C-alpha cells in the first residue's frame, strides 16, 4: 500500500481573462507522503495558492491527475467524484489562512463549533470535542473570548482548532504565519510540528519564506511562474540548491546575503592581499566535525581567517557555513582548496586578492 497521500501528476491550471489565457500552473508533479511537513515556496505569483486550491478540491485543473489518499479526484479536466464524495473528501482536508477567517461575532468555542454544524455527533459529543480541540491548541481558558479579545497567535490557534474539527488527514497552511510577529510565528510552527507528531497529520506549508521551510518542513518544492523549479528533502535543497531562485531563498533565510554585504565592506576584504582568497564553505553532516582550517594550516601553511560562521540542524543533520580569508603561497592555497573539496565541503571563491 502506497504511503503517498497527495499525488499531483502533470498539473496544468489555465484561466481566461478578457480574452487572454493565463497559465497559472504548468506541468507540476509532486508526491507528498503521509506524515510529511511539506513546503511549497515561491514569491507572489508563483502559482502556489492556485495549486493548493486544486489540492483542497476547490479548483479543477485544466490537465493532469490528482489523487488524494486512495481516490482520484481530478483527471483530464474532469471531476472524478460525485458531489457527495467530493464533499466527504473535502472534510479530510483542513485549511488555515494568513488572516484567520474567524467570525467576529462568535466566540472561540462557537468558531470551532461552526465547523461541526453538519456533524452527526450529539450535542454532548460536540461539546467534548470542541473543548478537547481548544485544549489541544492551548486555548482551553479562552473558549468564551471573541476574536477581538485574542492576540494574532491566539486567533490562529482557534483557526487551527476549527480546521481540525472534522479529523482531517491533511492540514494546509496558506501563509498562516505571515501576519504574525517572529516569536508568535515560532510558537505556531511548534504547534504544527506537535500536531504532525501527535495526530499523524500531513501538513502542507504554502509560504514565500524559506526560513519557515527550514524551521518545520522535511521536504520542499520551489515554484516560479507556475512551474516547479526543484523539489527534494530540505537537507538536499539547502545543502545543494540547483536553481538561482532557490539559492536566493536560502541566502535570505540564512542571512548570508546581509553578512556578505557587511564582509565586503570590511577593509581586510576591500584590500585583499594578492596572496589571499575570500571563500565560502558549506559543510554537511560529518564534515562539520573536522577542524579543516586547523588541518590546512598544519598541512599547507595556509591561514584561515573566519569572517562569518553559522551551523544549523536540518532534520538530524548539521549544516554549516563559513566565510573565510585563506592566505598563503599560491600553490599551497590551491592545494588547500583541493583538500577542502576532497573533505566533502562545498567551496565557492567569492573574491581573489588584487594582483
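Every residue gets a Cβ built from N, Cα and C, even glycine.
Listed in Swiss-Prot for this protein:
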type	residues	note
DOMAIN	8-250	domain 'ABC transporter'
BINDING	42, 43, 44, 45, 46, 47, 48, 49	ATP binding site
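Here the features listed in Swiss-Prot are placed on the structure.
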residue : record           : Cβ within 10 Å
42      : ATP binding site : 24
43      : ATP binding site : 13
44      : ATP binding site : 8
45      : ATP binding site : 13
46      : ATP binding site : 24
47      : ATP binding site : 22
48      : ATP binding site : 25
49      : ATP binding site : 16
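Taking the centre of the Cβ atoms of 42, 43, 44, 45, 46, 47, 48, 49 as the ATP site, the nearby residues of that chain (Cβ within 8 Å, site residues left out) are 208, 223, 224. DSSP assigns residue 44 (ATP binding site) to coil in the three-state reduction, outside any helix or strand.
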